[in-house]
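A short worksheet on the structure shown next.
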């Protein structure tokens with residue numbers, strides 16, 4: 001019997017369009033001889049809409065943007081159900097068929113542990129990281145604390161709350177300028193794909209960048225800018241993760257002063273070098289830090305570790321991404337392709353890891369013996 005693979009994408013997130021691109025790519029790579037593919041589109045308004053079972057490849061991303069008029073509206077994230085009515089969408093029920101959910105969601109309400117919690121409550125296997133790893137890695141402030149506890153080197157940074165910025169802006173700027181030197185990068189704590197991130201080279205730009213970042217989150221992290229190579233590495237597995245070859249991001253002709261949202265997803269001017277050349281000793285250190293980060297987060301399935309490597313060979317772990325993009329030009333699947341694991345095989349491996357993790361969880365004891 002085929003495995004029913006529920007493909008969940010879209011979502012109430014600034015990264016809604018990225019999620020659609022990821023879903024389009026994954027769906028077209030599925031082996032429909034092995035999987036029964038059931039797409040569910042989450043609209044910008046939070047509605048869950050079930051599309052038809054897929055019988056072939058898609059031609060356009062827009063084919064995934066279902067509407068309630070021509071498909072089945074399953075549920076909504078807003079409170080519209082009457083008291084006592086079941087809240088789990090019927091499509092998530094296995095009905096005796098082996099079922100796995102593949103959440104192709106990015107950003108808040110997607111890779112931050114919230115939707116993962118739903119699958120945990122429903123006891124359905126799902127691809128990728130659990131609640132803890134997803135939420136911790138999504139929050140740049142919490143993530144940095146975990147890395148620091150593991151002894152992983154990071155660039156200097158300062159965390160700022162919106163309430164403190166409103167009440168003590170001058171003092172906060174003074175603290176930042178004491179710890180950091182320009183340029184700095186200002187980032188919302190809970191967002192990915194460089195959304196809301198700005199580079200600041202002076203006090204005026206810093207204030208503008210803080211205003212921009214606080215549009216997306218009430219907590220912001222300000223990081224020291226460094227002149228460095230941007231090198232990424234894929235991590236794959238559960239309890240015994242393995243690393244891919246390293247890849248490097250090279251924006252052509254100074255397309256962007258940093259690898260921003262537009263460069264990542266909206267143009268083809270970003271060059272990826274896979275594998276990239278790294279000193280063997282540094283490469284081993286990179287693998288060690290990537291695995292330490294994976295295990296420190298209690299990650300599962302997949303993680304992409306993003307590093308900075310300076311000219312004098314200082315290595316910093318910038319961040320990890322627990323749901324890296326799967327677009328045709330995304331780094332994570334390309335890293336594994338060059339390591340020897342093709343795209344379709346990578347997807348199947350992730351599904352197998354989801355089943356493995358779910359089985360291990362269900363083997364645990366959840367009640368005391370009489």
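Each residue, glycine too, has its Cβ placed from N, Cα and C.
According to Swiss-Prot:
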BINDING   177-232  ATP binding site
BINDING   306, 319  Mg(2+) 1 binding site
BINDING   319, 321  Mg(2+) 2 binding site
DOMAIN    144-352  domain 'ATP-grasp'
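Taking the Cα atom of each, residue 212 (ATP binding site) and residue 319 (Mg(2+) 1 binding site) are about 21 angstrom apart. The binding-site residues considered are 177, 306, 319; of these, 177 has the fewest other C-beta atoms within 10 angstroms of its C-beta. The number of other Cβ atoms within 10 Å of the Cβ belonging to residue 198 (ATP binding site), over all protein chains shown, comes to 19. For the binding-site residues given as 184, 226, the lowest number of other CB atoms within 10 Å of the residue's CB is seen at 226. Annotated pair residue 321 (Mg(2+) 2 binding site) and residue 306 (Mg(2+) 1 binding site), C-alpha to C-alpha distance, rounded: 8 Å.
The two recorded residues residue 226 (ATP binding site) and residue 319 (Mg(2+) 1 binding site) have their Cα atoms spaced 14 Å from each other. According to DSSP, residue 212 (ATP binding site) sits within a helical segment. Neighbour density for residue 321 (Mg(2+) 2 binding site): within 10 A of its CB lie 20 other CB atoms from the protein chains shown. Closest by Cα distance to residue 319 (Mg(2+) 1 binding site), from the binding-site residues 177, 191, 198, 205, 219, is 191.
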